[in-house]
Amino acid sequence: MASLPTPTVTAAGATTKTYSSSFTTTSPVISSWPLFSKKCVLTKPLKHKISCNAGSSENSLNNLDRRNVLLGLGGLAGAVNLTSVPSVGAAPISAPDISKCGSTPLTGFRPGDNTPTGGDCCPPDSTQIMDFKFPKNETFRVRPAAHLLSPKYIAKFNEAIKRMKELPETDPRNFLQQAHIHCAYCNGAYTQSSSGFPDIEIQIHNSWLFFPFHRWYLYFYERILGSLIDDPTFALPFWNWDTPAGMTIPKYFNDPKNAVFDPKRNQAHLQGVVDLGYNGKDSDTTDIEKVKNNLAIMYRQMVTNATDPTAFFGGEYRAGIEPISGGGSVEQSPHTPVHRWVGDPRELNGENLGNFYSAGRDTLFYCHHSNVDRMWSLWKMQGGKHKDITDPDWLNTSFVFYDENKNLVRVYVKDCLFTNQLGYDYQRVDVPWLNSKPVPRAPRSGVAKKSIGKVKQAKEVSFPVKLDKIVKVLVARPKKSRSKREKEDQEELLIVQGITYDSEKYVKFDVYVNDEDDDASAPDQTEFAGSFAQLPHKHKGKTMSKTNFRAGLTELLEDLEADDDDNVLVTIVPRSGSEDITIDNIKIIYA
């Protein structure tokens, strides 16, 4: 069982507090919650819990025996070995020149009329760029769980969004202008011209840029909202879809009288339990089954498939290349399926939340990504290899955003690693998925061996293969029966390599290991290894994209009692938009 490390932090202007022999942090971390009048205090050492002396049981961390995670606390865990930032690397991606923004929206027409979809993503230009500086002497903000908001906070949230929508269309703080930020960075409107590669686009999905870009995006969005209502304590709520009580869209988002309302949502999902593994169509599972599956997906993506920085953040993405290494575990799922689950199937491209160009037009997007951002903090709390990337090209990648004063600000990844330095934290809520480890449908060795002669070995397959039907293949394991030390040093990984897909479709496939039954295992069963999922988006001059998928095998094979087997049986099940997908290879590596 892992335990939390002792972090050391060098936040500018911060003072160090010691709460127990195993925990040091910087102030301000514990602050008054926006929903309650009393303060939260640490009552026991880190491995136990903190409590808020207020009503809901949602505001205390129950004894979690898996990895001893404590929520929030400024995202400080994982700070070990990052007290200083490396110097500038050889090829970080530089912030785009917004004066060279080009519009490449997802094109098409809505069913039944001739109204074009898409539009211009480009923001207002500015002749001056300011470099970001950490705010001083500001009120600390605590992002609350969206399903626990008081009527007063809901009213404040609505008023802030209302005022943002009322700003002039040319104001960079305007609601639609803010939505355009996501569109431009995600839909091929920006190129790497500032890095010397004008013919290569910037894409902040499917790579290690996913988490830091969205953290900065929400940081400025939150500050703009707070300034519009003159409330420095205002913080974006997070849609708490990783706990049962938060797995539905909060009711106030569905009231047409509210500014946070968006008519372009799936009408069948306004009151139902979210499906964190959504395949593009509703299944016949009950709400209870969905909750169980959701918690298992969270465990799989935050624990089993997120054993190191590359697995969690995604593959490297440097100047002069495209993001083809693959997205991180949480980006693949639940992030992408939740987008599509909310998006409106009546719209051609699943607008608004169901694709990249229009996702920011739904206020729920920012609450969804607030919880995604929270996952970054929770992941680092697990200790061990759960640390931020130290590569200078990641740390020195930059973006530009407009702030609450309409200034264009250049920011760097290295400055967003710790939420307490940015002046915010998350409300403490339970994390039930830590104790929701999937269980085997049939834990037995020899499953792959029985398939020899019936299923081809990977070396016998004529790659690339098309994913227009279920694909089964036996994949040889370079090593077996590894020692505990070997497993700690290197994770056994299943790699689906060279996935070519149509980027203008919602595409998804599921991957299973040693699942010999005709009906695929559910996400709450160990045989389910993970999902590959992509939202519709536009690329500069092409529709087909290429990337990779990886899943952790070490824990999974132990649970299936297959750690001594020579091969694994891999099954890939197409779920959505997979008829044009091809795969170049399937293999096992150690990293």
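Cβ atoms are placed via backbone N, Cα and C, with glycine included.
Looking at the candidates Cys183, Cys186, TrEMBL gives Cys183 as the cysteine bonded to Cys121 by a disulfide. Candidates considered were Cys101, Cys186; the recorded disulfide partner of Cys122 in TrEMBL is Cys101.
For Cys101 (disulfide bond), the nearest neighbour among the recorded positions Cys121, His205, His335, judged by Cα separation, is Cys121. Between the C-alpha atoms of Cys183 (disulfide bond) and His339 (Cu cation B binding site), the distance comes to 14 Å. Under a cutoff of 8 A between CB atoms, and with a sequence separation of 6+ in the same chain, the neighbours of His205 (Cu cation A binding site) are Cys186, Pro323, Gly327, Glu331, Phe356, Leu535, His537. Residues Glu331, Thr336, Val338, Ala359, Phe365, His368, Val372 surround the recorded Cu cation B site, their Cβ atoms falling within 8 Å of the Cβ centroid of His335, His339, His369, which are themselves excluded. Cα-Cα distances to His214 (Cu cation A binding site) place none of the recorded positions Cys121, Cys122, His335, His339 within 10 Å.
The separation of Cys122 (disulfide bond) from His335 (Cu cation B binding site), Cα to Cα, is 25 Å.
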